[in-house]
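A.B. asks: Sending over a structure as structure tokens; questions will come in a sec.
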Amino acid sequence: SRERLSVCSKLCYAVGGAPYQITGCALGFFLQIYLLDVAQLDPFYASIILFVGRAWDAITDPMVGFFISKSSWTYFGRLMPWIIFSTPFAVISYILIWFVPDISRGQVMWYLVFYCIFQTLVTCFHVPYSALTMFISREQSERDSATAYRMTVEVLGTLLGTAIQGQIVGKADTPCIQSPLFLGMTNSSVALEELNMTHDTGSLTDTRNAYMIAAGVIGGLYILCALILWAGVQEKRESSELQSHEPVSFFQGLKLVMNHGAYIKLIAGFLFTSLGFMLLEGNFALFCTYTLGFRNEFQNILLAIMLSATLTIPFWQWFLTRFGKKTAVYVGISSAIPFLILVAVLDSNLVVTYIVAIAAGISVAAAFLLPWSMLPDVVDDFKLQHPSSPGHEAIFFSFYVFFTKFTSGVSLGISTLSLDFAGYQTRGCSQPSEVNFTLKMLVSAVPVALILLGLLLFKLYPIDEEKRRENKKALQDLR
């Protein structure tokens with residue numbers, strides 16, 4: 001008999017994915033420009049904060065995965081207590097990231113410490129939440145359906161993060177410093193008088209207050225989503241268990257997981273494609289502000305991308321069901337390439353930029369949905385090969401996030417250092433042509449190369465639709 005999940009349970013489960021995406025989107029799109037132009041840190045120190053914070057975030061994923069694997073089952077489950085108890089502390093540390101302390105020295109340490117604390121706590125939320133996919137049902141189709149709900153809400157979370165942060169911060173007129181040296185040196189075709197306008201009417205204090213207000217609103221949503229997840233989802237111990245169990249240590253399990261070929265090939269392919277999109281995300285606000293000259297429009301362009309992604313998630317869920325997940329990978333992710341090239345090649349034009357943003361959002365939706373939809377297939381394949389080694393779901397999910405975040409930290413650190421070497425001017429109304437060229441490379445050429453490399457590696461992934469059906473039948477017999 002099939003074990004069906006109610007729509008209410010799927011929705012409550014899906015809502016739990018929003019906090020990670022809302023905060024991650026706000027940090028991904030806005031933290032770099034916040035550190036450079038609002039906190040007024042040197043680009044070198046900003047690159048250290050971004051790199052160390054992401055690298056630490058990556059390290060905490062397998063650490064949390066280890067402690068979860070050692071956790072005992074409670075009345076609320078094994079994963080749910082991690083989610084609930086980490087939430088209030090995560091919200092406090094998140095708000096403090098967006099606070100500018102009134103200290104002459106130590107600002108770098110302030111942001112580095114609270115950024116790392118927040119990343120640790122949000123990992124204590126997200127790793128068990130990701131592994132929860134395997135504990136809500138043992139029906140593959142029900143897990144895929146719940147994952148589609150989750151991806152829709154998560155993309156909606158990125159939309160909310162972009163909208164809340166962008167619209168609140170966008171209403172504050174951040175003052176910039178006129179730099180006559182750079183007049184005539186910009187590659188943008190936007191009128192120089194618009195691009196180089198000195199925004200003396202705004203106050204830097206107003207901008208800092210706007211960031212704090214946005215952080216408070218996002219923190220409130222974080223708590224609300226955690227409560228809905230806790231109230232509406234039941235963690236089922238039997239959903240992930242097979243007939244015969246023998247305990248295996250974490251490190252033995254880690255060795256088994258890392259020797260599983262399908263898992264390594266999956267994360268190798270998605271590692272590079274995800275890295276391309278993360279590099280685009282980290283530098284897009286600066287690209288819109290300086291290279292394209294849309295200082296007062298970039299938050300709306302980001303909103304167009306996320307809105308397009310949200311609306312097309314159901315389409316990609318239908319597409320992968322109809323044509324298979326590997327086909328969806330090739331079609332969905334590769335569709336971003338021509339638009340990434342277009343936005344860098346064409347002269348600055350607001351209408352064209354919005355069209356490209358909407359088209360690119362369609363590919364972003366595929367990049368969001370597919371990795372999390374395919375990881376449960378790899379876990380099922382692993383269980384068939386190692387039926388006596390259960391309980392390693394957290395390792396699969398945490399190490400996928402580990403590799404993605406670590407390389408993302410390296411890329412963001414290198415990209416911010418590249419801007420420093422190119423001569424980035426903190427709070428400048430415009431930037432030298434070298435900075436504009438560097439930004440074009442960081443949001444176009446480099447992401448395109450990474451996406452192409454990821455798609456080539458993904459051809460090695462062995463689990464197609466026929467293999468998935470065979471695994472499903474074998475698991476049913478084994479249970």
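Keep in mind that glycine also has a Cβ here, set from the backbone N, Cα and C atoms.
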A.B. asks: For which of the residue intervals 12-35, 36-59 does TrEMBL record transmembrane segment?
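C.D. replies: From TrEMBL, the annotated transmembrane segment range turns out to be 12-35.
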A.B. asks: Could you tell me whether the transmembrane segment (210-233) and the transmembrane segment (79-101) have 3+ CB pairs under 8 A, leaving out pairs under 6 positions apart?
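C.D. replies: The transmembrane segment (210-233) and the transmembrane segment (79-101): touching, yes.
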A.B. asks: Please report, as numbers and ranges, the same-chain residues at least 6 past the borders of the transmembrane segment (262-280) whose CB is under 8 Å from any CB of it.
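C.D. replies: Here the qualifying positions are 28, 329, 333, 336, 340, 364, 367, 370-371, 374-375, 378, 381-382, 396, 399-400, 403-404, 407-408, 411-412, 415, 442-443, 446-451, 453-455, 457-458, 460-463.
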A.B. asks: Are there residues at least 6 beyond the ends of the transmembrane segment (327-346) whose Cβ is under 8 Å from a Cβ of it, and what are they?
C.D. replies: 269, 273, 277, 280, 316, 319-320, 352-353, 356, 359-360, 362-367, 370, 440, 443-445, 447-448, 451-452, 454-455, 458
A.B. asks: What same-chain residues lie close to the transmembrane segment (210-233): Cβ under 8 Å, and 6 or more beyond its ends?
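C.D. replies: For the transmembrane segment (210-233), the sequence-distant neighbours (Cβ-Cβ under 8 Å, at least 6 residues beyond its ends) are 8-9, 11-13, 15-16, 18-19, 22-23, 26, 30, 34, 38, 76, 80, 83-84, 87-88, 90-92, 94-95, 97-99, 125, 129, 132, 136, 160-161, 164-165, 168-169, 171-172.
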A.B. asks: So which of 12-35, 300-320, 352-373, 394-417 has the most C-beta pairs under 8 Å when paired with the transmembrane segment (108-129)?
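C.D. replies: Looking at each of 12-35, 300-320, 352-373, 394-417 in turn, the most contacts to the transmembrane segment (108-129) are made by 12-35.
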